[in-house]
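Visitor: So TrEMBL says this about it:
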type	residues	note
DOMAIN	19-358	domain 'FAD/NAD(P)-binding'
DISULFID	65-70	disulfide bond
BINDING	74, 137, 342	FAD binding site
BINDING	202, 203, 204, 205, 206, 207, 208, 209, 301	NAD(+) binding site
DOMAIN	378-440	domain 'Pyridine nucleotide-disulphide oxidoreductase dimerisation'
């Protein structure tokens, strides 16, 4: 059969459905996939709907990174860095009077920028012909998706291919008062008041990043750590992050887990008088922790958004954590259903990775391109007060993979040139290079400032 005949038959079969492709989820991966697929000639619809947090926070198109992740986090980190620059400015000849920080001004500017991005994504979808639907999507069968809008109106649509790109949401610990009186990163970046005295529960990168920038803008910050810092990262480097933050003024309660949150005084939205919450916890040795805070932020992990999208209706398999199991092509056990980004079981929870996966999948589906997404050696940065960046294996993972005798570790403290004039503390910044005996570099790890630039 001629190629042209095959193409005609394929197109004829695809026209049985409303769309060639329906993407469930409007985050970085879903947007990249939808736009690239449309550019390749596919008929595409993208479904996106944000369920409000327990505190009522919601947001527009763009997913976690744009609305409640990378973008506002990085901008608040920038606000924190400006505090340090003002401290250093006098040594470089600037006559700077250090002012006070205004939370409302910062949040207003950040939210205005985010709203412009939301609008830009809507326009970008329209420009390439993607049908955007602000609806909840539930898979009914291999080719049918039930959509429900905010008015509760239900409509079924069909597609030749379905891609799950629903991402993750923060997890609350199963303790009394957590959801009623605590918040997560989904709420923090649009909070209408300075958090005041804050407890960050967890030692994830989200928790430490939030603790770092809140401390720098003047908040009294405590971090409650169950066991180790930055699980999954190189532990020598993680301990350096924790030690620096401790010197920086962040208080750590470790090892300890929360057991309850109780409201002593509710936040007054009219006067913006801060609330007061009593947190109880238990140390590893059994002794009790008790203190009061104006804000309690839970950053104890994230769960994939897979429980209510109809996976059970078609038998899509998930792992024990609820992530969708996929192969190297991001295909599930159902041949026409795929999953990309944070929601699948093979990717890094990073925006550039999701974007790459989305574009590659679109090209495999609708062009002759067969490029797979390479999930090895993905660089990442933790935006703590002194940033930590890495690419490759942690030392623990390198030892597990190659054996202690088969790797070499080269390391050094260093003093950045920018720190010499203001006489910042020496022997704080640190870099580590890990190679195996075949002289192949398997990791580069750095603890310094401006990490993305320096590691690159």
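Using the three backbone atoms N, Cα and C, a Cβ is placed for every residue, glycine included.
Since we're looking at a predicted model, the values are computed, not measured.
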Visitor: Record lists 74, 137, 342 as binding FAD; longest Cα-Cα distance in Å?
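Guide: Across 74, 137, 342, the two farthest Cα atoms sit 31 Å apart.
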Visitor: Taking 65, 70, 206, 208 as the recorded positions to compare, which has the smallest set of other Cβ atoms within 10 Å?
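Guide: Checked 65, 70, 206, 208; of these recorded positions, fewest Cβ neighbours within 10 Å: 70.
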Visitor: Looking only at DSSP and grouping its letters into three states, which state does residue 137 (FAD binding site) belong to?
Guide: strand
Visitor: Kindly state the mean pLDDT of the domain 'Pyridine nucleotide-disulphide oxidoreductase dimerisation' (378-440) in the predicted structure.
Guide: 92
Visitor: Have a look at the binding-site residues 74, 137, 202, 204, 301 and say which one has the shortest Cα distance to residue 65 (disulfide bond).
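Guide: Nearest in space to residue 65 (disulfide bond), counting only the binding-site residues, is 74.
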Visitor: May I have the list of same-chain residues other than 202, 203, 204, 205, 206, 207, 208, 209, 301 whose Cβ is within 8 Å of the Cβ centroid of the recorded NAD(+) site, in sequence order?
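Guide: Result: 200, 210, 230, 299.
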Visitor: Could you check which of the recorded positions (70, 137, 342) sits closest to residue 206 (NAD(+) binding site), going Cα to Cα?
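Guide: Closest candidate to residue 206 (NAD(+) binding site), judged by Cα separation, is 70.
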Visitor: Show which residues of the chain containing residue 137 (FAD binding site), separated from it by at least 6 in sequence, have their CB under 8 Å from its CB.
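Guide: Long-range Cβ contacts: 22, 24, 47, 49, 145, 146, 147, 309.
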Visitor: To see if you understand the setup: which same-chain residues, six or more apart in sequence, place their Cβ under 8 Å from that of residue 301 (NAD(+) binding site)?
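Guide: Non-local contacts for residue 301 (NAD(+) binding site): 170, 171, 202, 204.
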Visitor: Among all protein chains shown, how many Cβ atoms are found within 10 Å of the Cβ of residue 342 (FAD binding site), not counting that one?
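Guide: Its Cβ shell of radius 10 Å holds 28 other Cβ atoms.
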Visitor: Mind giving me a neighbour count for residue 202 (NAD(+) binding site)? Other Cβ atoms within 10 Å of its Cβ, every protein chain shown.
Guide: 26
Visitor: Would you count the other C-beta atoms found within 10 angstroms of the C-beta of residue 204 (NAD(+) binding site) for me?
Guide: 22
Visitor: According to DSSP, which of helix, strand or coil covers residue 301 (NAD(+) binding site)?
Guide: coil
Visitor: According to DSSP, how is the domain 'Pyridine nucleotide-disulphide oxidoreductase dimerisation' (378-440) divided among helix, strand and coil residues?
Guide: 14 helix, 25 strand, 24 coil
Visitor: Counting only residues 6+ away in sequence within the same chain, which have a CB under 8 Å from the CB of residue 74 (FAD binding site)?
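Guide: The answer is 383.
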